[in-house]
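Feature list (source: TrEMBL):
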type: DOMAIN; residues: 2-136; note: domain 'EamA'
type: DOMAIN; residues: 152-280; note: domain 'EamA'
type: REGION; residues: 282-309; note: region 'Disordered'
type: TRANSMEM; residues: 33-52; note: transmembrane segment
type: TRANSMEM; residues: 64-86; note: transmembrane segment
type: TRANSMEM; residues: 92-113; note: transmembrane segment
type: TRANSMEM; residues: 120-141; note: transmembrane segment
type: TRANSMEM; residues: 147-169; note: transmembrane segment
type: TRANSMEM; residues: 181-203; note: transmembrane segment
type: TRANSMEM; residues: 209-228; note: transmembrane segment
type: TRANSMEM; residues: 240-258; note: transmembrane segment
type: TRANSMEM; residues: 264-283; note: transmembrane segment
């Protein structure tokens, strides 16, 4: 019961990243938001990694080339693309498309790692793709014939493609999850610092911008990772992975509470996406655990080894 509570709270915070992130990019540039998010979260994450994972830092740092590449993909490129997309599309649309990540990861794993799914996984792929297309086109599938997708839709597709590649590449990195994320966050903050200085991406001057940034740095970036790893000490990674479907559900609930409309295409697309993810998970071939320590973490907002991915 405690694990379920931790997982529900973690996914609620990740849903908040979509909603608060959309509000934040109205007054902050995506680069500014990305830089300050990881700058504020890096030190607490490093402390959390030291407490939770107790890593051998010298051994971990031998993986610096891989961590550098993963940081560029997952922390920098993905986050920049996500926040850029939120300037042009709704938080609910972004969360629904992002929910299809496990389906995309299955395809990338099959192509790059020769990790062949079972037939049920391919059925899940069809469901997930159909749901994403419904969401992206607003139910007007004829838009696909004219390639009339908006900037937001294209950016969120680019974001989940980057995240899928990041996840597949990260599967073979033998670094504990929180430690990996903490170092990637620190690398992103350091790498973005010169660009932020040149572009004048200072700390937000408005009170609303500062509060939005504080929420994103504390809850989705730190709180969710802590809760996720506490839950993994009490339940399996596969069971925890199923809770990630709640991110889109919570985003929809928050959207309704804020008085924003939800369309039939979003509801139908969301049902198809979540069904596809569940089928994809059921269609995965069992994999041998690599470590006795919990190493799975989430991204759409997060870590490399989600769903043994």
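The backbone N, Cα and C atoms fix where each Cβ goes, and this holds for glycine too.
Only residues 6 or more beyond the boundaries of the transmembrane segment (264-283), in the same chain, are considered here, and those with a CB under 8 A from a CB of the stretch are 92-93, 96-97, 99-100, 102-103, 106, 117-135, 137-139, 238, 241-242, 245, 248-249, 252, 307.
Nonlocal intrachain contacts for the transmembrane segment (181-203), taken as residues 6+ away from its ends with a CB within less than 8 angstroms of a stretch CB, comprise 29, 31-32, 34-36, 38-39, 41-42, 45-46, 48-49, 60-61, 67-68, 70-72, 74-76, 79, 175, 210, 213, 221, 225, 297, 302-303.
For the transmembrane segment (147-169), the residues of the chain that approach it from at least six positions outside its boundaries are 66, 69-70, 73-74, 77-78, 81-82, 84-89, 93-94, 97-98, 100-101, 104-105, 107-109, 112-113, 136-137, 299-300, 304-306, 309, judged by C-beta separation under 8 angstroms. DSSP assignment over the domain 'EamA' (152-280) gives 104 helix, 0 strand, 25 coil.
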